[in-house]
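Written below as structure tokens is the structure these notes are about.
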């Protein structure tokens, strides 16, 4: 479906709502929508456009857009969808640390950490050695993909509501932990009856550390790490999900002081306050120490009296009670008959001899083993009962009590019937009465001796508490035992299977962690199992150690990376044929566009060959300037080495011809020297020959031209005959002109 504003803005001939009414009422027709530069029609108000910088923005509305009749619902729906898309675009720009992955982000991250630790380090004179554990949690908050919800195995972004466990400080999505708590409580309370449900506050565990929380502690709102601010705003200059205020949580173990860091993930560091305290044995003078390390030992002997009461503790000053005395001494047993070397810490001991002292009756001896105090009266003195307990006799200790002759009537092991024998010594026999017995599951009955149990062969078909498997136990009483099979379902990490017993509900998150390494393996980060496929490897600050792939012995310094090394930009420095070194950048692995002979059948066919291939290019022609003289030796010009050979300077040759009157008018050319002593300005065989007439001035009175072509030296005498008359004009003579 096309957007209403696009439908209304296309073509001037399309009628818009209200035009017909305006025409009927005589109102002037609305002018067409204004066009922007280049004739493009301006976008309607309220739509999403693209600014000069490329970002999406909502164009300001000057008047309400009027959809076509019958489409107000569609227009509102599309308008809401566009507004939601614009809002999502803004939120994605502030999403999580996955976008802050350049060098500027690392500098920014360092500033945020320094700001968070400022108050703490001011108390410790700049010592931040105790902050390493907290720094690790904060680095994970910035690291791409390091903060992972173990329930859904997805990244935790800046703009998402989260919850942090107070036991392991693991961070989960608020929605995920709420569902986890609800499912855990349901699984615990589902076996209960309706009368028992809700009477006991059953706990739910943390998915990672199994720390138990009460039902009332189920999170319902999104708070910062310190719990002061609800729904903390997304601030790029704060730790994600932090309010930016001082933490002020109580230290654990409690010392009376509060955390001085800004609101932060992970555990609070040790207390940095200074207190005055003495050692464990109280012998040394009190000294000022950090509150987190206020218990100390002076290393002097303890000196406290041990429990034996004879010796003193020789261990160095220590906390708690002294250890048992380690010395050995001779100790008598309780009865005093034997003496043995034993630890001073355990003076009371018994030997293996029977007492054997004569009892007051004078007929029997004490049968107790090594005891202290008097032996007591004879156990056979006084009134004694018969074996069944119905009759009592007063007899001397030397006589045994007789049986009374009455029936025993003691309850047998079955708990139902009584012994029918006469009073007797020793245990009663087993119950042999035949009774109608019901099996344990209650489905069958059988007449059999009372002492024998009756189990039928019927297997229980009830479903166990896992709601998956049948009990299958023979003659089950209905109280089926828990399922003894292994769950075996694939966990959310897709790498391991659930090792727990078969259960209902979701499996616990995979407890394993995976090391994600850089290419060289020296930089490692631990991520939850399953995230290693989506998280980017850590940035390594080690230099790449791969051998160069070009002709250079060493490659340019660059950091560890995956994939091919970047192109080498070192000077080639290969020796050219002219003897110079190639000065251009290395071209052993240049990208050249592939010009394959394969002709695609159409635009739908994917290219079968890459657009560019990597190949070695020959060195370019040498461009070192070489001074070269032109052919006619008129000038010397610097020329590139690859084209450094005699050239024509395009001037006239200018060498003096043999006539000694004119110069060579050819373009600059090579001249062969006939001998080494020849003048450099004299014409050679390659120069032009002078074909001019002699133009030298004639002697006075000679009107004739020189009969020779252009020549050096003086012209010869004119021998041409001329006719001259005498003075009177009567005689004519023929004489030479000279």
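From the backbone N, Cα and C atoms, a Cβ is placed for every residue, glycine too.
Record features, source TrEMBL:
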{"type": "COMPBIAS", "residues": "68-78", "note": "compositional bias 'Basic and acidic residues'"}
{"type": "DOMAIN", "residues": "255-273", "note": "domain 'NF-X1-type'"}
{"type": "DOMAIN", "residues": "308-327", "note": "domain 'NF-X1-type'"}
{"type": "DOMAIN", "residues": "361-380", "note": "domain 'NF-X1-type'"}
{"type": "DOMAIN", "residues": "414-433", "note": "domain 'NF-X1-type'"}
{"type": "DOMAIN", "residues": "441-462", "note": "domain 'NF-X1-type'"}
{"type": "DOMAIN", "residues": "466-485", "note": "domain 'NF-X1-type'"}
{"type": "DOMAIN", "residues": "493-512", "note": "domain 'NF-X1-type'"}
{"type": "DOMAIN", "residues": "550-570", "note": "domain 'NF-X1-type'"}
{"type": "DOMAIN", "residues": "659-692", "note": "domain 'NF-X1-type'"}
{"type": "DOMAIN", "residues": "702-720", "note": "domain 'NF-X1-type'"}
{"type": "REGION", "residues": "1-78", "note": "region 'Disordered'"}
*Which residues, given as numbers and ranges, are at least 6 beyond the ends of the domain 'NF-X1-type' (308-327) yet have a Cβ under 8 Å from it?*
279-281, 283-284, 295, 297-302, 343-347
*Same chain, outside the domain 'NF-X1-type' (702-720) by at least 6, Cβ under 8 Å from its Cβ: which residues?*
658-662, 690-696, 736-738
*With DSSP, how much of the domain 'NF-X1-type' (702-720) is helix, how much strand and how much coil, in residues?*
0 helix, 1 strand, 18 coil
*DSSP residue counts for the domain 'NF-X1-type' (361-380), split into helix, strand and coil*: 0 helix, 2 strand, 18 coil
_Reported mean pLDDT - the domain 'NF-X1-type' (702-720)_ = 85
